[in-house]
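So that you can see what the record holds, here are the features copied from TrEMBL:
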DOMAIN    60-206  domain 'SIS'
SITE      K81  site 'Catalytically relevant'
SITE      E133  site 'Catalytically relevant'
SITE      E174  site 'Catalytically relevant'
SITE      H215  site 'Catalytically relevant'
DOMAIN    232-294  domain 'CBS'
DOMAIN    300-353  domain 'CBS'
Amino acid sequence: MGSLPAFSIHLPPHPASSSSGDPKPAESIDESTLLNLFKAQQGHLNYFFQHLDLSQTLAFTKALLRFSSLGGTVFFTGVGKSGFVAHKISQTLVSLGTRSAFLSPVDALHGDIGILTDRDVLVLFSKSGNTEELLRLVPCARAKGAFLISVTSAGESLLKGSCDLNVCLPLDRELCPFDLAPVTSTAIQMVFGDTVAIALMEAKNLSKEAYAANHPAGKIGKSLIFKVKDIMKKQQELPVCREGDLIMEQLVELTSKGCGCLLVIDEAYHLIGTFTDGDLRRTLKASGEGIFKLTVGEMCNRNPRTTSPETMAVEAMRKMESPPSPVQFLPVIIEENVLIGIVTLHGLVAAGL
């Protein structure tokens, strides 16, 4: 592991006094201590990777795949820190297309176990394998017909002896100097569960589009789901004019629609060209008072970049930003160059792309 930037943390003295009446020394930590902790944790994680039983892991993964393929749900449970990890892994599986849920062991014993069926698998996370709440849950879950899997860091445990399948996560020791605080054990639980989740994703051939469908509000989902037609302005929102219209008579249309341009069309709505606020400034500078006699058609760009309604919105954004110079909008056209909308860079950004 490389060296870390030099820094130190100094906290104010604790307000309490020692038994001798003298103030306690200020709490502090230095770079060397912090670096050694990271290196120690790295060593503990390497121990896990080097000693993980892949045959157990494969059996675990196949069991989850089998039950989910048959329409069952992969339930996870755990207490304390292991419970938080179990909850997170369940959410990862859901986002990757596997039916999953977290089952609180306490709530399960007070009615929630009714959700379990003989098509489901229940994964019980416990460092020691002797967690009382999980041991009480096991016979109840077995009575519902669920397939039980224990995931522990203990060679032998009560939980291991009562489940259908067992996985041991090799734990060298906790990073905690007392070997008590669950910081290394939860780290390897997370690594194990999330890696298996990706294995299931690949086994199910989850497509990028299917993944995006599970994340519609995120940037990834939007980039793979949204098309130009979903974001474009249309009908009365379009800043349209005819090529024979005087430029100065179209200033309201140019500025009021929030597009920064005019879309020049004919009677059949065929796109002729575009005239931007930048074109207006350049024309005014070059023509002076002569601008009052100029028509939009005389000064418009008759070869603008365009897009189609079925184009992915993210591709439209790339087209706007492409050389030789970026543009702020794209007219949306269909067959025979008929104008149906406009997509703007502001609109794409506002949509979260």
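Even glycines carry a Cβ here, placed using N, Cα and C.
Mean pLDDT of the predicted structure over the domain 'CBS' (300-353): 91.
Across the domain 'SIS' (60-206), DSSP assigns 68 helix, 23 strand, 56 coil. Taken residue by residue, the domain 'CBS' (300-353) breaks down under DSSP into 18 helix, 16 strand, 20 coil. On the backbone, the CA of E133 (site 'Catalytically relevant') and the CA of K81 (site 'Catalytically relevant') stand 14 Å apart. A Cα-Cα distance of 13 Å separates E174 (site 'Catalytically relevant') from K81 (site 'Catalytically relevant'). Mapped onto DSSP helix, strand and coil, the domain 'CBS' (232-294) counts 30 helix, 17 strand, 16 coil. Sequence-distant neighbours of K81 (site 'Catalytically relevant') (same chain, 6+ residues apart, CB-CB distance under 8 A): P182, S185, T186.
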